């Protein structure tokens, strides 16, 4: 598996489309918005997994204690259930490096 440092440059516009079709049914990025089936992702970068106030995380997600950055998200988004065994996230992942890079590029803009 290639690392984020080897990933292609991300396109935030393409990432927004990916978010809307594959993520938005469970997540939002809007500041102050409530949680959906998954946690609100606003303020994601630099935050420890399992710590968004008001969201009920799996024990596995809380115990993983990963800090969400480009490199950790790149690995996580390949296969969330493999990265955090026991996570409640049902999304199977994004296998294409370009899609992961695009989504991360969008999330960097949309969640800050």
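For all residues, glycine too, the Cβ spot is worked out from N, Cα and C.
Listed features, source Swiss-Prot:
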- 23, 26, 27, 89: heme c binding site (BINDING)
- 2: N-acetylalanine (MOD_RES)
- 81: N6,N6,N6-trimethyllysine (MOD_RES)
- 95: N6,N6,N6-trimethyllysine (MOD_RES)
Starting from each candidate's C-beta and looking 10 angstroms out, tell me which of the recorded positions 2, 23, 26, 89 has the most other C-beta atoms. 23
Take the C-alpha atoms of residue 23 (heme c binding site) and residue 2 (N-acetylalanine) and report the distance between them in angstrom, rounded. 23
Cα proximity to residue 2 (N-acetylalanine), best match among binding-site residues 26, 27, 89: 89
Highest CB neighbour count within 10 A among the recorded positions 27, 81, 95? 27
Taking DSSP as the reference, which of helix, strand or coil describes residue 27 (heme c binding site)? coil
Residues near the heme c site, 23, 26, 27, 89 excluded, by Cβ within 8 Å of the Cβ center? 24, 25, 36, 37, 38, 41, 91
